[in-house]
Amino acid sequence: MNLYKKYQGGLAVWLESSNHKDIGTLYFIFGLWSGMVGTSFSLLIRLELAKPGFFLSNGQLYNSVITAHAILMIFFMVMPTMIGGFGNWLLPLMLGAPDMSFPRLNNLSFWLLPTSMLLILDACFVDMGCGTSWTVYPPLSTMGHPGSSVDLAIFSLHAAGLSSILGGINFMCTTKNLRSSSISLEHMTLFVWTVFVTVFLLVLSLPVLAGAITMLLTDRNLNTSFFDPSTGGNPLIYQHLFWFFGHPEVYILILPAFGIVSQSTLYLTGKKEVFGALGMVYAILSIGLIGCVVWAHHMYTVGMDLDSRAYFSAATMVIAVPTGVKVFSWLATLFGMKMVFNPLLLWVLGFIFLFTLGGLTGVVLSNSSLDIILHDTYYVVSHFHYVLSLGAVFGIFTGVTLWWSFITGYVLDKLMMSAVFILLFIGVNLTFFPLHFAGLHGFPRKYLDYPDVYSVWNIIASYGSIISTAGLFLFIYVLLESFFSYRLVISDYYSNSSPEYCMSNYVFGHSYQSEIYFSTTSLKN
């Protein structure tokens, strides 16, 4: 059935809709658009670093491109797609709910995001741009940027943060209050668990960021001195406040991908539940809890005392335990399955392998003595891109491969989707693996020129980014081709216990008109 057959009411249907499926679709479209813009900025970065010398006119412009790339990818690509897109579409279906708890608030949450995106793009193009990186540290963001660019970036972060807080409250209330009475907490799917913990982290950490950037705004415009040491302030306070948000944000980005991969392993194997399902739930909760108390591992170089560094090193290493539980549970779930050619299997295995590799470099960086040496080098850049570019983004591709036919009623071309995986797998590895070695040799972040000794690693990385971009274009073609070829889903052979598949028609406005009861004997995950 055509997904858009019911959308005959023109633009007003999209602007005013309070239906969770319509809003989820809007989030997907917005996330795809933002991802393309963010990828364009990343390509500019790699073109600048492709060889020694200058491609962009100056370092301020280069740092503005870095800021735009980071904020676009984090706040406008990964979060809207993972939480807004997959969360809106699937959470009510998996809970047996007719819609989200606050449908109009859901609509507001989405429309705050395009506003926020316009503000951050404005910030990059006025007054020489916002060259502060996404961290917006003072005094670079105060005395170093006297123009209006940082003010626009702060308002952008406020709008995006408000969107996420309102959406988070909505998801929490939906999970608590609209869950079918037949679904107890232990019977919720792992995707619902990951979204629930994610939005809890959002509601906990985003007000802290809002406070920090509001103080920064008053420092810039109202002559306060929260972060100005010459008048009794302390810029270190800003770092603590920012990273109290910034580190949970990393888990906000990756946790929904964990849920998607868990659902994908069930789909691939046909098993009733993931291996160690209760252990997986506790691992999700542990990651969320520990992620809130390790923020200062981003700040080893600020001069913390030995006891603080010892604590934050140890606590950071502890996160590897629940993460390891999840990885081995996925592998144990996949164990014994019939190996058939399936692009979904490629994405799942690619995610597990590459996320694990990124996690290993994270264990290296958790050691404060090593991190002081490697801080602000490309080793750190490679680490968090392995976790995000090859973790969260591969999670998004996994989710699209898994649920595309469920959401749209059309089938993706398996061969071309496998080609997308191969291009992206080769491209992102070629981009970020060599940069580990550049970082170990001391190549610093946020510099637009470098000595010739680093040129080999950077040339390889730039070729990799071109391959990745080609993979993205092919992915967009695959999505369009599935519509144009009109390959409809005839029936889904999936006979597992995941609740969303009990829907006979995927495009009704409200899926459940009355309360639905699931059999808890079959609904084990």
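From the backbone N, Cα and C atoms, a Cβ is placed for every residue, glycine too.
What Swiss-Prot records for E48, G53 is Ca(2+) binding site. Taking Cβ-Cβ distances under 8 Å and a sequence separation of 6 or more, the neighbours of E48 (Ca(2+) binding site) in its chain are F54, F55, L56, Y62, V65, L448.
Among the features that Swiss-Prot reports, Fe(II)-heme a binding site is placed at H69, H385, with the record citing similarity to another entry. Long-range Cβ neighbours of H69 (Fe(II)-heme a binding site) (same chain, at least 6 residues apart, Cβ-Cβ under 8 Å): G38, F41, S42, I45.
With a 10 A radius on its CB, H247 (Cu cation binding site) counts 22 other CB atoms from all the protein chains. Residues or ranges marked as Cu cation binding site in Swiss-Prot (evidence: similarity to another entry): H247, H297, H298.
Taking Cβ-Cβ distances under 8 Å and a sequence gap of 6 or more within the same chain, the neighbours of Y251 (O2 binding site) are T198, L201, I287, G288, G291. Residues or ranges marked as O2 binding site by Swiss-Prot: Y251.
Around D376 (Mg(2+) binding site), taking its Cβ as the centre, 13 other Cβ atoms fall within 10 Å, counting all chains. Residues annotated as Mg(2+) binding site in Swiss-Prot: H375, D376.
Neighbour density for H383 (heme a3 binding site): within 10 A of its CB lie 24 other CB atoms from the protein chains shown. Taken from Swiss-Prot, the feature heme a3 binding site covers H383.
Panel annotation: around the transmembrane segment (25-45), residues 3, 14, 17, 56, 62, 65-66, 68-69, 72-73, 76-78, 80-81, 84-85, 88-89, 110, 113-114, 117, 121, 396, 407, 465-466, 468-469, 472, 476 of the same chain, lying at least six beyond its termini, place a Cβ under 8 Å from a Cβ of the stretch. Feature annotation from Swiss-Prot assigns transmembrane segment to 25-45 (among others).
Per Swiss-Prot, transmembrane segment is recorded for 71-91 (among others).
Annotated transmembrane segment per Swiss-Prot: 108-128 (among others), in sequence order.
Positions annotated as transmembrane segment by Swiss-Prot: 152-172 (among others). Below 8 angstroms of C-beta separation, residues 67, 71, 75-76, 79, 83-84, 87, 91, 100-102, 105-106, 108-110, 112-113, 115-117, 119-120, 122-123, 126, 130, 132, 136, 195-196, 199-200, 202-203, 206-207, 209-210, 213-214, 216-217 of the same chain, each at least six residues beyond the ends of the transmembrane segment (152-172), sit close to that stretch.
Look at Swiss-Prot and you will find 190-210 (among others) tagged as transmembrane segment, backed by sequence analysis.
Within its own chain, the transmembrane segment (241-261) has Cβ neighbours under 8 Å at 74, 78-79, 82-83, 86-87, 135-137, 189-195, 197-198, 201-202, 204-206, 208-209, 211-212, 284, 287-288, 291-292, 294-299, 326, 330, 348, 351-352, 355, 384, 387-388, 391-392, 394-396, 398-399, 402, counting only residues six or more beyond its boundaries. Annotation comment: Swiss-Prot describes 241-261 (among others) as transmembrane segment.
Long-range Cβ contacts of the transmembrane segment (274-294) within its own chain (Cβ-Cβ under 8 Å, at least 6 residues beyond either end) map to 186, 190, 193-194, 197-198, 200-201, 204-205, 244, 247-248, 250-251, 255, 258, 262, 265-266, 312, 315-316, 318-319, 321-323, 325-326, 329-330, 332-333, 335, 524-525. Annotation comment: Swiss-Prot describes 274-294 (among others) as transmembrane segment.
Among the features that Swiss-Prot reports, transmembrane segment is placed at 317-337 (among others), with the record citing sequence analysis.
Feature annotation from Swiss-Prot assigns transmembrane segment to 344-364 (among others); the stated evidence is sequence analysis.
Residues or ranges marked as transmembrane segment by Swiss-Prot: 387-407 (among others).
Fewest Cβ neighbours within 10 Å among the binding-site residues G53, H298, H375: that distinction goes to G53. Closest by Cα distance to G53 (Ca(2+) binding site), from the binding-site residues H247, H297, H298, H383, is H383.
Distant neighbours of the transmembrane segment (420-440): 46, 343, 346-347, 350, 354, 361, 374, 377-382, 385-386, 389-390, 394, 397, 454, 456-458, 460-472, 474-475, 478; these residues of the same chain sit at least 6 beyond its ends, with a Cβ under 8 Å from one of its Cβ atoms. Note: the Cu cation site is recorded as H247, H297, H298; in the same chain, W243, G246, V294, W295, A296, M299, F312, T316 also have Cβ atoms within 8 Å of that site's Cβ centroid. DSSP classifies H375 (Mg(2+) binding site) as coil under the three-state reduction. Residues 15, 23, 26-27, 30, 34, 37, 60-61, 64-65, 67-68, 71-72, 75-76, 80, 84, 145, 147-150, 152-153, 155-157, 159-160, 162-164, 166-167, 170 of the same chain lie 6 or more positions beyond the ends of the transmembrane segment (108-128) yet place their CB under 8 Å from a CB of it. Around the Cβ of H297 (Cu cation binding site), the same chain contributes H247, F312, S313, T316, L365, S366, S368, D371, each under 8 angstroms and 6 or more positions distant in sequence. The list of residues near the transmembrane segment (190-210) in space but at least 6 beyond its ends in sequence, with Cβ under 8 angstroms from a Cβ of it, reads 82-83, 86-87, 90-91, 94-95, 157-158, 161, 164-165, 167-169, 171-172, 175, 241-242, 244-246, 248-249, 251-252, 255-256, 258-260, 262-263, 274, 277, 280-281, 284-285, 287-288, 291-292, 525.
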